[in-house]
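Shown next, in C-alpha cells, is the structure this report addresses.
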Amino acid sequence: MQSKRYLVLEDGSFYEGYRLGSDNLTVGEIVFNTAMTGYQETISDPSYTGQIITFTYPLIGNYGINRDDFESLVPTLNGIVVKEASAHPSNFRQQKTLHDVLELHQIPGIAGVDTRSITRKIRQHGVLKAGFTDRKEDIDQLVKHLQQVELPKNEVEIVSTKTPYVSTGKDLSVVLVDFGKKQNIVRELNVRGCNVTVVPYTTTAEEILAMAPDGVMLSNGPGNPEVVECAILMIQGILGKIPFFGICLGHQLFALSQGASSFKMKFGHRGANHPVKNLETGKVDITSQNHGYAIDIDSLKSTDLEVTHLALNDGTVEGLKHKTLPAFSVQYHPEANPGPSDSNYLFDDFVAMMTNFKEKERHINA
C-alpha cells in the first residue's frame, strides 16, 4: 500500500497523494514546468534551487535516470509534484528510477495529485510557498509555518563552485562565471574548441582580467538578480575589455549592470516550448526557459542596451546586446538540455565575437 502524503500551499489549500522520494520533508517556492521530456535535466538544473517543481506532463519517470544526463552533480531543488510517477521505467540507458534518485539526494515528492489544478492555481495567483507533510493533522500547522517562513535570498551562494577548475579545450580561452551553471554550457563551449575555466560567482573583474581570457560567459542560476551585487560590479569592470555572453541570470545581471531594472514575474517561464522572436532576423526559435524574473523593457530606454529578442507569449525581454561594445545576452537557454537546440548557434556567434575581438586587438598592438 502506498503511503499518503500531502502537498500544502501557503493559501491553506492542500492536495492528497502518495509518497514519492525522500521523507526529508521540505518547504519551497512552488512553480510549474511544461516540458514533456527531460525531467532528469530539469531536476538537476541548479536554477531550480530551493523550488518545488510541478510537472504538467502527466507521466514522469518512464525512461528512468542515467548517470550521463545530469546538469549538475547534486540536484538542489526542494521537491517535485507529479500526476503519475513510473515505478517500472524502460530504457536501455536507465540505471535508477526517479524515486531512487530523489531518495538518494534527500528530495521529497508527491504523486497522484491533480497537477492541472495546481498549475491553474499558480497561473491565477502567482507562485506560492509550499511544503509536504505525511500527517493530515499537521496541515494547519504547516500552513502557519509557510505564511511566516522566509525563504533563502541568495541561492547562487549555494550552487556556485567554491574553487576554480578547468574543462580543457584547444583554442580560445573562456572564463565561465558560475552562478549555478548547467553542464551543457561547458559542453557547448568545449565542442567549439574553447578551454573553459569555471570560477566562483564572487570572482572580481581584476581577477578575471588577470587570467587574460578571450571571453567571459555569465551562466544561468537561481533567484533574484538584484541580490548578486558583486557580479554587477564585476560586469561593469570587464565590459568593453573582453567579449562576453550572458545566459538567463547572466542576462539579467548584464542588464542590471547597465542601469536597467528587473521584476519578479507572476509565474515565470519554465519549459522547453517557449517561442522567442529574433528582432534582427524576424525568425522565431522554440526555446528552453527557466526563470522567475525578467528585465523591465521600459528601464532599458536610458541604457546603451538594445533589445534583440522578445517572448511571443507575453512580450517580455528575451535578448539584449550592447550598442557599441562586444557583449550580448539571452534570457532563455541556448544550451537546451532539456529542450530544442534551435538557438545553439549563439555559441557560434560568441566564438566569432571572441575571434574578431582578438584579431582587432592584434592589429592595434602590432
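Any Cβ shown, glycine's included, is placed from N, Cα and C.
Taken from Swiss-Prot, the feature region 'CPSase' covers 1-171.
Counting only same-chain residues at least 6 apart in sequence, those with a Cβ under 8 Å from the Cβ of Tyr293 (L-glutamine binding site) are Asn224, Pro225, Gln252, Ser262, Phe263, Lys264, Met265, Gly268. As annotated by Swiss-Prot, L-glutamine binding site applies to Ser47, Gly221, Gly223, Leu249, Gln252, Asn290, Gly292, Tyr293.
What Swiss-Prot lists as domain 'Glutamine amidotransferase type-1' is 173-360, and the listing cites sequence analysis.
As annotated by Swiss-Prot, active site, nucleophile applies to Cys248. Secondary structure at Cys248 (active site, nucleophile), taken from DSSP and collapsed to helix, strand or coil, is coil. Counting only residues at least six positions away in the same chain, the Cβ atoms of Ser47, Ser219, Asn220, Gly221, Asn290, His291, Val330, Gln331, Tyr332, His333 sit under 8 Å from the Cβ of Cys248 (active site, nucleophile).
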Task: Quick one: of Gly221, Gly223, Gly292, which of the binding-site residues has the smallest count of other CB atoms within 10 A?
output: Gly292
Field: DSSP-derived class (H/G/I helix, E/B strand, else coil) of Asn290 (L-glutamine binding site)
entry: strand
- line: Longest inter-residue Cα distance for the L-glutamine binders Ser47, Gly221, Gly223, Leu249, Gln252, Asn290, Gly292, Tyr293, rounded to the nearest angstrom, is 13
Residues satisfying Cβ distance under 8 Å from Leu249 (L-glutamine binding site), sequence separation of at least 6: Ser47, Val156, Phe179, Gly180, Leu218, Ser219, Asn220, Gly221, Pro222, Gly223, Pro225, Val228, His291
